[in-house]
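So that you can see what the record holds, here are the features copied from TrEMBL:
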| type | residues | note |
| --- | --- | --- |
| BINDING | 59-63, 120-126, Asp155, Ala255, Gly308, His359, Asp423 | (6S)-NADPHX binding site |
| BINDING | Asn60, Asp116, Ser158 | K(+) binding site |
| BINDING | Lys393, Gly394, Asp395, Arg396, Thr397, Gly422 | AMP binding site |
| DOMAIN | 10-212 | domain 'YjeF N-terminal' |
| DOMAIN | 220-479 | domain 'YjeF C-terminal' |
Amino acid sequence: MRQAWRVADVRAAEKSLMATLPDGTLMQRAAAGLARRCALLLDGDVYGARVVLLVGSGDNGGDTLYAGAALARRGAQVRALLLTPERVHLAGLAALRASGGFTTSHLPDRADLVLDGIVGIGASGGLRPPAAAIVRRLGSLRGRTGDRAVIVAVDVPSGVAVDTGDVPGEAVDADVTVTFGCLKPAHVIGPAAVRCGEVELIDIGLGPALVMSPAVQLAETSDIAEWWPVPGATSDKYTRGVVGLATGSAGYPGAALLGCTGALAGPSGMVRYAGSAHAEVVRAHPSVVAAPRVADSGRVQAWVCGSGLGTGADARTELRSVLATSLPVLLDADAITLLVGGKHAEDLRRDAPVVLTPHDGEFKRLAGESPGADRAGAAARLAAWTNAVVLLKGDRTIVATPAGEIWVNPTGSAALATAGSGDVLAGLLGSLLAAGLPAVKAAVAAAFVHGLAGRHAALDGPVTAPDVAAAIRPVLGRILQ
Ligand SMILES: NC(=O)C1=CN([C@@H]2O[C@H](COP(=O)(O)OP(=O)(O)OC[C@H]3O[C@@H](n4cnc5c(N)ncnc54)[C@H](OP(=O)(O)O)[C@@H]3O)[C@@H](O)[C@H]2O)[C@@H](O)CC1
Ligand SMILES: Nc1ncnc2c1ncn2[C@@H]1O[C@H](COP(=O)(O)OP(=O)(O)O)[C@@H](O)[C@H]1O
């Protein structure tokens, strides 16, 4: 499992660690790691390489100047563009000069490597105009072989909102981000994460001082392998859990079929379907036991309700039936729409877990406003308000619990942006709930595997929802081997 911390917590940890160390130690550790990574990016060919430093007025600029000094000592031609020459890290600048580096008053046309040290975790608001103007021109810098210069962001790409992952305006689009001590939310959430490129974490000894809860957590393959329920010698189809799907309608039978496909790829021992697409479902999936309504269905251990269900009186009845059980319930799509206006909000005050899986539109309908710039915060607020685990879909899907625990999914793939892929996710997640996984782990694990399935399916070309479902099995084969 990986974790990311908010700026205030990073600062507190840094302060307590610095109290035990000689002045400047952390910056020296950070700069040494940064310089090492830069040398690797130059293929070890540091001598003669053209390196441009973009240097802001804070310690982020200080890290950058010291790293530039280290590269200059190895023979690189290092030029520092100081954004505010009157406010620069003086010791860092002296180190650069002493090592043979220079300052420059303009952005050169050519550079092999650019270090973005304009602003780090001390950023407030969007980049100011002079910095934004420089950042806009970075894409046109050419290096030794005529390729675009390699851009390394120091700690975070300048211009991103560090605690939320938002990109409010112009921001550096880095190839590599070298960060120090721990990950921050911008490395893993939202459009900022995309701007980071590859993220390298340099250990500066901050770990033991990070005693506060992380802002967000990220599952890794080993977590999924550990959590995923697998049948044992004494398992039978019932003890593995039975998942029920109250989805689809005469107008949208496909949602029922896709949800069942996702559920069948999951760990439960049986899939029951309740709804008007029952004949189509059984034709397509002979192992599914189908009935026309929830009330006619046999026992299950978790319900998935909503995809393609419609919002009429019948849909309302089915939603009420699943919410009246004492079982875990996943509400997706039309079931979320039916909750709007608080008509069923009181039904969410139940002891058994509820998982809501909105995309942005459904989120807006339910919460009354879009997730906005702080997607993790928005998901956490909705989770607290609804007393449900909220899985907010997107490029970096967020999972938030009513208690404020937040996870972000690292495996997303734009290939999943295809109709019906959310139905597959709902089925898979429901299967995990039925197999007994706690709601938050079920949501995190389903998003993780679904994301990998999207990537796997995309290897063969353009992806449709059935391709995503078909890819779940090979992906799981690799995870669980
Ligand atoms: N934490 C750690 O463990 C360690 C941290 N380390 C390093 O320190 C960095 C944090 O340094 P920091 O605190 O000096 O802040 P920093 O990011 O340089 O920014 C402040 C300056 O930027 C300016 N500025 C602000 N907003 C702006 C905007 N929108 N657009 C343009 N400018 C803007 C602001 O100007 P002002 O508002 O004062 O006019 C201020 O002068 C951290 O990211 C890491 O690299 C490592 O050395 C060691 C371990
Ligand atoms: N650009 C994207 N990158 C990664 N994942 C995406 C992207 N767009 C959508 N997804 C994922 O695709 C799925 C789409 O679900 P949803 O919007 O409910 O579609 P549908 O209702 O058609 O099934 C979600 O899991 C979401 O996280």
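Just so you know, glycine gets a Cβ as well, placed from its N, Cα and C.
All TrEMBL annotations are machine predictions without curation.
Sequence features, as recorded in TrEMBL, placed on the structure.
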residue	record	DSSP (3 states)
Asp59	(6S)-NADPHX binding site	helix
Ile121	(6S)-NADPHX binding site	coil
Asp155	(6S)-NADPHX binding site	coil
Lys393	AMP binding site	coil
Gly422	AMP binding site	helix
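When Cα-Cα distances from Ile121 ((6S)-NADPHX binding site) are compared across the binding-site residues Ser158, Asp395, Thr397, Gly422, the shortest belongs to Ser158.
Asn60 (K(+) binding site) has Asp155 nearby among the binding-site residues Asp155, Thr397, Gly422, counting only those with a Cα within 10 angstroms of its own Cα. Fewest Cβ neighbours within 10 Å among the binding-site residues Asn60, Ser124, Ser158, Thr397: that distinction goes to Ser124. Rounded to a whole number, the C-alpha distance linking Asp59 ((6S)-NADPHX binding site) with Arg396 (AMP binding site) is 30 angstrom. What surrounds the AMP site, by Cβ distance within 8 Å of the Cβ centroid and not counting Lys393, Gly394, Asp395, Arg396, Thr397, Gly422, is the set His359, Leu392, Ile398, Asn409, Gly412, Leu416, Ala447 from the same chain. Counting in whole angstrom, Lys393 (AMP binding site) lies 5 from His359 ((6S)-NADPHX binding site) by their C-alpha atoms. Listed in chain order, the extra residues whose Cβ falls within 8 Å of the Cβ center of the K(+) site residues Asn60, Asp116, Ser158 are Leu54, Gly56, Gly61, Thr64, Gly117, Ile118, Val119, Gly120, Ala153, Val154, Asp155, Val156, Pro157, Val172. Between Asp395 (AMP binding site) and Asp155 ((6S)-NADPHX binding site), the C-alpha separation comes to 22 Å. Between the alpha carbons (Cα) of Asp155 ((6S)-NADPHX binding site) and Arg396 (AMP binding site) lies a span of roughly 20 Å. For His359 ((6S)-NADPHX binding site), the nearest of the binding-site residues by C-alpha distance turns out to be Gly422; the candidates were Ser158, Arg396, Gly422. Among the binding-site residues Gly62, His359, Arg396, Thr397, Gly422, residues whose Cβ is positioned under 6 Å from ligand 2 are identified as His359, Thr397, Gly422. A Cβ distance below 6 Å to any atom of ligand 1 is met by none of the binding-site residues Asp116, Ser158, His359, Gly394, Arg396, Thr397.
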